[in-house]
Amino acid sequence: MKTIFFFITFIVLVSSCTSNIMTKSISQVKSQFFSPALSPNVDPADEHIGHSPDDMKIIFCQQCAFHCIEKKKNIGNCENSICRCTLEDIL
């Protein structure tokens, strides 16, 4: 009876340690996957290079044109981040 008790206790301790080790290794793998380390030669400020103002105007005017087309209107004006569609319907 004592042998069975010690054997079960030993199995519980081993499984507990194994569980803790597996949890730590999985969390380390996940943290490496979601936040990869930057190489020392890369400036973090250069990671996300934004669009130039001209690019942003082109993108805005494209979105404006799509908006007007969805309303079945012609694009009237696209300046200073203001989108205006014509009153006439597209033929």
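Each Cβ is built from the backbone N, Cα and C atoms, and glycine gets one as well.
Note that this is a predicted model, so its numbers are computed, not measured.
Residues or ranges marked as signal peptide in Swiss-Prot: 1-19.
The disulfide bond annotation in Swiss-Prot covers Cys61-Cys78 (among others) and is backed by similarity to another entry. Over all protein chains present, the Cβ of Cys61 (disulfide bond) has 16 other Cβ atoms lying within 10 Å. For the recorded site, Cys61 (disulfide bond), the DSSP three-state label reads helix.
Look at Swiss-Prot and you will find Cys64-Cys83 (among others) tagged as disulfide bond, backed by similarity to another entry. Within its own chain, Cys64 (disulfide bond) has Ile75, Cys78, Cys83 as residues 6 or more apart in sequence whose C-beta sits under 8 angstroms from its own.
Positions annotated as disulfide bond by Swiss-Prot, on the basis of similarity to another entry: Cys68-Cys85 (among others). In the three-state DSSP reading, Cys85 (disulfide bond) counts as strand. Using a 10 Å radius centred on the Cβ of Cys85 (disulfide bond) and all shown protein chains, the other Cβ atoms total 20.
Comparing the disulfide-bonded residues Cys78, Cys83 by how many other C-beta atoms lie within 10 angstroms of each C-beta, the top residue is Cys78. Around the Cβ of Cys68 (disulfide bond), the number of neighbouring Cβ atoms within 10 Å comes to 19. DSSP assigns Cys78 (disulfide bond) to a strand in the three-state reduction.
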